[in-house]
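A short write-up of the structure that comes next.
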Amino acid sequence: MASSMKNSTFLFSLFLVFFLFVDTSFALNAMPLKIFPPNNDQEIILTTEALKNICKQTQNPSFCLRYLKNRTHIGTTKIYQLAQSSIELAKKYANDLHGEVSLSIKTENDTEVQHLYMICLENYKFAVDALYNAGTHLESGNYPALQVQASLAFEEAESVGNQLKVAPKRASSLRQKTKNLEYQCDIIRALISYICSQTKLCY
């Protein structure tokens, strides 16, 4: 009888250990990947050559250089800070465009144009959301996820631009502003790509 109880206790202990092992393994695998940046990531000091290399990756290098040079002190500005401020500026810009289109819908008499603006409104909202997520991932150091969100923001801005190609001439100002948002999101992608190439944090 005692021997039987010992065997039962032993088998139960084995089962418990196995269960805990499987449960822990599952929990670890289910955890989202977070890659925290090492100290040297935030110490990448921008040079003129670095800015040129970053902007070469964008669809409008001249816009990129002007945009970044206005906010960069060569030799002192860190790329992490520049990426952070670029995301915040693009997010505010997209949010402002969302508000502008919301007002345009109320004053627009053409129902087809109203419908077009409603579609654009959704794209702006998705762009703002993607940029918000990008900022969160930058803070946590999850660069692969950051790359995805930066690309999503760019695609949403690009989608608005394509929609506005058939809009009336009175929407020309909005078209240009949307193009600027597209350029800004493209710059964010290039900045993150440069960080990845210098630190190998995205692989």
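Note: Cβ is positioned from N, Cα and C throughout, glycine not excepted.
Whatever TrEMBL says is automated annotation, not expert-curated.
Summarising the annotation, TrEMBL assigns domain 'Pectinesterase inhibitor' to 46-191. For 1-27, the entry in TrEMBL reads signal peptide.
When the domain 'Pectinesterase inhibitor' (46-191) is classified with DSSP, helix, strand and coil residues number 121 helix, 1 strand, 24 coil. Averaged over the domain 'Pectinesterase inhibitor' (46-191), the predicted model has a pLDDT of 92.
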